[in-house]
Amino acid sequence: MTTDKTSTAVVNPEAAKGADTVVDPRLLVREQGLGGYITEFKRKMRGGDLGSIPVIIGLIIICVVFQSLNSEFLSAKNVSDIAVTMVATGMMAVGIIFVLLLGEIDLSVGSVSGVSGAVVAVLSVTHGMNEWLAILVAVLSGAVIGAIHGFFFARIGAPAFAVTLAGLLFWLGFMLQLLGDTGTINLDSDGVVGNLTTYYFSDVAAAYGLAAVAVVAYFLSAFLDTRRREAAGIPARPLVDIVVRTVALAVFAFGAAFMFNQYRGLPLALVLFLIVLVGTDFVLRRTSYGRKIFALGGSVEASRRAGINVTAIRVSVFSIAGTFAAIGGLFWASKIAAANQGSGAGDLLMNVIAAAVIGGTSLFGGRGRTWNALLGVMVIVSIQYGLALEGIATPINYMITGAVLLITVVIDSITRKTQKTAGRA
Amino acid sequence: MVHVSATPVLALRGVSKRFGAVQALTDVELEVHAGEVVALVGDNGAGKSTLVKTIAGVHPIDDGVIEWDGRAVQINKPHDAQNLGIATVYQDLALCDNIDVVGNLYLGRELRKFGILDEVEMERRSRELLSTLSIRIPSVRIPIASLSGGQRQTVAIARSMLGEPKLVILDEPTAALGVEQTAQVLDLVERLRERGHAVILISHNMADVKAVADKVAVLRLGRNNGVFDVKTTSQEEIISAITGATENAVTRRAARNAEAQK
């Protein structure tokens, strides 16, 4: 492109103000190499494009505060427990992120997760069905429930908020009906569902191996991408940047692996969660289906004119949210080793939405990644565990989580405002 | 300088369109050749938008014939128009603010390799397209939200060029733009002509029309009110054709006398 040669355009606005340049001084031309990368980064920061930085800083603050209050907080057992507990909420947050990307909301995910747990319990325990089959039925019913919500929203045109609010109540009643008079069905803790949160790869090699695979895979994909971009003659990420990111990932991955190996090894639940995150991130950012979801979050009219089947995408996204709600419900049932009347109720729905938003997914649609679910849910569950270690009761926990959510929404709104004034929203 | 072919790319012959009791277009004639910019002007409600929508396939015509490369065609759906090679850039640009320039250019027709988005190839082709059109934007990888109004307009026009259309219809491309941005868009219109595209330009701005158009077709109350050659016609003549100021006591007498003589 011609702009690459006109490096004069990068001069700072103050200098360009008086100068009578031919080039539009507002042009932001990205320089090649590391220098350009740093200016680009600074510009993003000023423009309010903070990405995951606030939540990572928040996580560090949480760790420092709770660790100084109680040295048990960063112990291998506690970290391992946090990693397992967060998966149920995290899975559901992944589904919610799809819906939030459309700029919509799904309030039914808590109840749908309860239905999923109840379906598995009733089918496998009461009716003696094969557990794998029962799991399949539960996940499929989540997908169908989501598609029903999507149909009423996308085809009939009812507001998603109202449809899923109705769903919240309806599926809660449905779950209670399924569970029947006893209200609680205990699950076999050695069964498939039971193992979801209780199985650990105790071999030390598992955790380190996964960390190594993740680091190598990340480096290779980033490096090959850069090579392809260079071959095509378009700007590429400098190698230094890739190396820095890879090292950061390696430190985090091997640190976590070391922690897990100090306790019972690599938790199965976490492995499944990471697989889901990698998979959904790939779908959202590397397939045309994902591109269509972002497009709908940006402008419905533009998407329609580009020939995107708006109704089909909307129904499918709600179906995805229902599916992940059901999967989350399985992990929840596994954690408490039962399906009971309290499943999917209480603060679960709020935590799921909070996790997505705290992680950096915009409530206004069109901005976010599924990795946000991991960061957000780490914040929420860390606070819960930290407070529990201090022996602080639920009321305070609710108040603190509420405050964190408010802070996040405020950051999201301010970010959006800054981006608007910087012309980036 | 500009090569104009003998057969018009698009010709409207006696096109009429009614909406219920409203006769929006009556016996409208219009010809556009390859490598030619035809400005379509007229007062509000003159039928410019309706005419464009009949060509773009949004409103099928009631009477008359649409000829494409000399043969009569039916345009009943937007899809028909696209298949013929007609691209329309509407006033509201229909771009996604949160997606980057490359993503917007290829929205709905992404390039894929083994089912995966081929970002590298899309970015390479986007840069190529933007540089052949001499479009200057900061980066093809920033969201549309970061671009100025003029830059967005040029991206929207570039987007319409991806299908290599023969005819490009621009609906008020400079309506909301500043002086410098308008200049950029007008430059782009000239480049489209140089590349041999036929262009229909709807505009309220006589200065823009005089600057880039070859012919000016005036619509008044849903009828043709003259086609003028831009170089030999003064701005006043065009404006009087738009407003109907040509119709006065003198012209009416002349018309009556002409009829009486028959």
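FYI, residue positions are counted from 1 along the chain as it appears here.
Glycine too: its Cβ is placed from the backbone N, Cα and C atoms.
Annotated features in TrEMBL:
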TRANSMEM  A:50-70  transmembrane segment
TRANSMEM  A:82-102  transmembrane segment
TRANSMEM  A:109-126  transmembrane segment
TRANSMEM  A:132-153  transmembrane segment
TRANSMEM  A:160-179  transmembrane segment
TRANSMEM  A:199-221  transmembrane segment
TRANSMEM  A:242-260  transmembrane segment
TRANSMEM  A:266-284  transmembrane segment
TRANSMEM  A:312-333  transmembrane segment
TRANSMEM  A:345-364  transmembrane segment
TRANSMEM  A:371-389  transmembrane segment
TRANSMEM  A:395-414  transmembrane segment
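In this chain, the transmembrane segment (A:199-221) lies apart from the transmembrane segment (A:160-179): fewer than three C-beta pairs between them fall below 8 angstroms, excluding pairs fewer than 6 positions apart.
Against the transmembrane segment (A:132-153), the recorded stretches A:50-70, A:82-102, A:266-284, A:312-333, A:395-414 differ in Cβ pairs under 8 Å, and the greatest number is found for A:312-333. Contact check: the transmembrane segment (A:160-179) against the transmembrane segment (A:242-260) gives fewer than three Cβ pairs closer than 8 Å, residues 6 or more apart, which falls short of the contact criterion. Counted over residue pairs 6 or more apart, the CB atoms of the transmembrane segment (A:82-102) and the transmembrane segment (A:109-126) come under 8 Å in at least three pairs, which marks the two as touching. Same-chain neighbours of the transmembrane segment (A:109-126): 88, 92, 95-96, 133-135, 137-139, 141-142, 145-146, 167-172, 174-175, 178-179, 185-188, 191, 193, 321-322, 324-330, 332-333, 338-339, 343-345, 348-349, 352, counting only residues six or more beyond its ends whose CB sits under 8 Å from a CB of the stretch. When Cβ-Cβ distances below 8 Å are used as the criterion, the transmembrane segment (A:50-70) is approached by residues 44, 358-360, 371-372, 375-376, 378-379, 382-383, 386, 389-390, 404, 408, 411, 415 of the same chain, each at least six residues removed from its ends.
Beyond its flanks by at least six residues, the transmembrane segment (A:266-284) meets 80, 83-84, 86-87, 90-91, 94, 98, 101, 195-197, 199-201, 206-207, 210, 214, 257, 260, 290, 293-294, 324, 327, 331, 334, 369-371, 373-374 of its own chain at Cβ-Cβ distances under 8 Å.
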